[in-house]
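Q: TrEMBL lists 1-19 with the feature signal peptide. What TrEMBL lists as substrate binding site is Trp140. Per TrEMBL, active site, proton acceptor is recorded for Asp196. TrEMBL lists Glu199 with the feature active site, proton donor. For 477-576, the entry in TrEMBL reads domain 'CBM20'.
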Amino acid sequence: MQLLQTFSVLLASVWVAAAQSSVDQYITRMTPISKRGILANIGPNGANARNAQPGVVIASPDNDPDYRFFWTRDAALTYKALTEQFTSGEDTTLRPLIDDFARSTARFQALNTPSGSAASLESLGEPKFKMDISPFTEPWGRPQRDGPPLRATAIIGYANYLISTGNQTYVANTLWPIIKKDLDYTARFWNNTGFDLWEEVSSSSYFTTAAQHRALREGVTLAKALGQTAVVADYEKQAANTLCFMQSYWNPAGYVTANTGGGRSGKDANTILASIHTFDVSAGCDAKTLQPCSDKALSNLFQYVNAFRTAYALNSGIPANQAVATGRYTEDVYYGGNPWYLTTLAVAEQLYDALIVWKRQGSLQVTATSLPFFRTFSSGVTAGSYASNTATFTTLTTAVKTFADGFVSVVEKYTPANGALAEQYSRSNGTPLSATDLTWSYASALTAFAARDGYIPSSWGAAGLAVPATCERNTGGGGGNTVAVTFRAQATTVFGENIFITGSVNELQNWSPEAAVALSAASYPTWTVTVNLPANTRVEYKYIRKNNGVVTWESDPNRVLTTPASGTFTQNDSWR
Ligand SMILES: *[C@@H]1O[C@H](CO)[C@@H](O)[C@H](O)[C@H]1NC(C)=O
Ligand SMILES: *[C@@H]1O[C@H](CO)[C@@H](O)[C@H](O)[C@H]1NC(C)=O
Ligand SMILES: *[C@@H]1O[C@H](CO)[C@@H](O)[C@H](O)[C@H]1NC(C)=O
C-alpha cells in the first residue's frame with residue numbers, strides 16, 4: 001500500500017514534469033516563429049509586406065478576408081511588444097524598425113480621414129489605413145478611440161528608453177509632437193462613444209477606457225520629464241475622469257462589462273486584454289486598474305473562461321479546473337464565432353502576470369470576490385491572506401501556474417505543424433480559420449511567453465491612485481453631450497406596414513432590425529422620430545419597413561450623418 005502510494009505520487013510528478021516540458025518545448029519552438037511572423041508583416045522588408053511603407057504593419061497577408069491593411073490598434077500592440085524586446089536588451093537590432101514606426105505614425109496623423117479632419121484631431125480615430133499610408137474610405141466601424149492611446153503607450157515606452165540613454169533631444173523634437181497629438185486626442189474624446197476593439201459595437205468600451213487611462217498617466221510623467229508642463233493639468237484631470245469611469249463597468253455579478261452597448265452578456269476578452277495591457281507591478285493587486293492579480297480581474301477571468309466551457313464543442317468534457325479554448329465573446333458569429341489564439345493566450349498571460357506579483361510580494365489575498373476562482377483549485381480555501389511560506393500559497397500558485405500553462409497547451413494543440421498562427425481556430429475541430437499569419441496572434445504569443453518567463457514591463461503610474469468621489473464628464477470633445485436628432489423620412493406604405501430606423505450606434509440599436517426604433521406616421525407620408533444621439537459623432541443608418549414580421553431594408557449604401565456639437569438637428573430623407 002505504502003509502496004503503491006509512493007509509486008503513484010512519483011507517477012504524478014513525472015506526469016506534471018512531462019506536461020510542463022511540453023509547454024516549454026512549444027515555447028522554444030514558437031518564439032522564433034512568432035518573431036519571424038511579426039517581422040514578415042512589416043514593410044518594406046517583411047516578406048509579406050513588400051508594398052507597405054516603412055514602419056507599416058499589415059494585420060495579416062491574407063486576401064480573403066482582406067487584412068492587408070494597417071490597423072492602428074494591432075500595430076500599436078505589436079510595436080509595444082517589439083519595443084519591450086528592444087528596451088529590455090533582448091533584441092537590440094529592432095531600433096531602425098521602431099524609428100520607422102514613429103515616422104510612419106507622423107504621416108498617418110497628417111491625413112484627413114473619414115473619421116474627421118487632421119486639424120480637429122478627429123482623424124486620429126480612424127481605425128484602418130492602406131499600406132501606402134493613405135486613408136481607407138469605404139464604410140467601416142469608425143471612429144475607434146483606442147488606437148491613439150495604444151500608439152502613445154508604444155512610443156512612450158521608446159521615449160523613456162531614449163531619455164534614460166541621454167537622447168532627450170530626439171524625444172523632445174521628434175517623438176513628443178507625435179505622442180502629444182495622440183494624447184490630446186485621448187484627453188479630448190475619451191468621453192465620446194466609438195467602436196470597440198472588435199469593430200462591432202459603438203458605445204463605451206472597457207478596453208478603450210483602460211488604454212486611454214494608462215496613456216494619459218504615462219503621458220503626464222513624460223510631459224513633466226520634458227518640461228512640457230502646459231498639458232499636465234488637462235491630462236491629469238482627464239486621467240482621473242477615465243479612472244472614475246472605468247469603475248462603472250464593474251457588474252456586481254462578478255465581472256467587468258466589456259461595452260455599455262451591444263446587448264450582450266458583456267463577458268468578453270476585451271477585459272482580459274485590458275488587464276494585461278495595463279499590468280503594472282508597482283500597483284500590486286489593485287482592482288481599480290484591474291491589475292491581473294486583483295480579485296476583480298480574477299473573478300472576471302473566471303467568468304469569461306467559464307462562459308466558453310459550454311459554448312464550443314471543442315471544450316466538451318474538460319473539467320472545470322482545466323483550461324479551455326476561449327474566443328472574443330460567446331455571442332460572436334464572425335466566421336462562425338470561434339476561439340482565437342490571441343484571446344486564449346491572453347488568459348495565460350494574465351495568470352502569469354498575477355503569479356509574478358504574488359511571488360514578489362510574498363503573499364496572496366483571497367477575497368469574497370476572488371473566492372469562486374480559487375475554490376476551483378482548492379475547494380476548502382477561505383478568504384484571507386496567505387504568506388508564501390504557507391501550504392495554501394503553494395497549493396494555489398502551483399494550481400494557477402498549471403491552469404495558465406493549460407491555455408498555452410490548448411493553443412499548442414491547435415497550432416498546425418508549421419507553427420503558423422491564424423486569427424481563429426475552429427470551435428468544433430480546432431483547425432485554423434480566418435486570416436492566416438495574424439500579426440497580433442504572434443505578438444500575443446511573445447508577450448504571453450515573456451510573462452511566463454517573469455518579464456516585468458515598466459511601470460506606467462498605476463500605483464497609489466485614488467478614484468475621484470464623483471465622476472466628471474468631459475464636454476471638450478462633445479463628450480457625454482447628446483443632440484436631439486429628428487429623422488423625417490418620406491415613405492408611402494401599404495396597410496399594416498411601418499417604418500423603423502436602425503444604425504451604427506446604441507441609440508439606433510446597433511443595426512438590429514428586431515430592436516429598430518419606430519417612426520410615427522402622424523404626418524404621413526412623412527414618418528418622424530426624434531432620438532438623442534451622441535454629439536460630434538458620425539452615425540450610419542438605414543430605414544427599414546416591417547410588415548407582419550417581414551423586414552425590408554433600404555438599398556445600399558448606408559446613410560451617413562455627423563451630429564453637431566450641440567443643439568438640435570433635423571435630417572430629411574426619402575425611402576430608397
Ligand atoms: C537619438 O535617437 C535617434 C533615433 O534612433 C537617432 O537617430 C539619433 O542618432 C540619436 N541621437 C543620439 C545623440 O544618440
Ligand atoms: C462620460 O462620462 C460620464 C462620467 O463618467 C459617464 O457617466 C458617461 O457614460 C460617459 N460617456 C461616454 C460616452 O463615455
Ligand atoms: C430638413 O427640413 C427642415 C424643415 O423643412 C429644415 O429646417 C432642416 O434644415 C432640413 N435639414 C437639413 C439637414 O437640410
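Note: Cβ is positioned from N, Cα and C throughout, glycine not excepted.
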Q: Among all the protein chains here, how many other CB atoms are within 10 A of the CB of the residue listed as 'active site, proton acceptor'?
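A: There are 27 such Cβ atoms around the residue listed as 'active site, proton acceptor'.
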Q: Just the number: how many Å between the Cα atoms of Asp196 (active site, proton acceptor) and Trp140 (substrate binding site)?
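A: Spelling it out, the Cα of Asp196 (active site, proton acceptor) and the Cα of Trp140 (substrate binding site) are 12 Å apart.
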Q: Taking only the Cα atoms, work out how far the residue listed as 'active site, proton donor' lies from Trp140 (substrate binding site), in Å, as a whole number.
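A: With the alpha carbons as reference points, the distance is 8 Å.
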Q: Are there any residues in the same chain, six or more apart in sequence, whose C-beta is under 8 angstroms from the C-beta of the residue listed as 'substrate binding site', and if so which?
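A: Once residues fewer than 6 apart are set aside, the residue listed as 'substrate binding site' is near Pro114, Pro127, Lys128, Glu199.
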Q: Do you know the DSSP helix, strand and coil residue counts for the domain 'CBM20' (477-576)?
A: 7 helix, 56 strand, 37 coil
Q: What count of other C-beta atoms do you get within 10 angstroms of the C-beta of the residue listed as 'active site, proton donor', across all chains shown?
A: 16
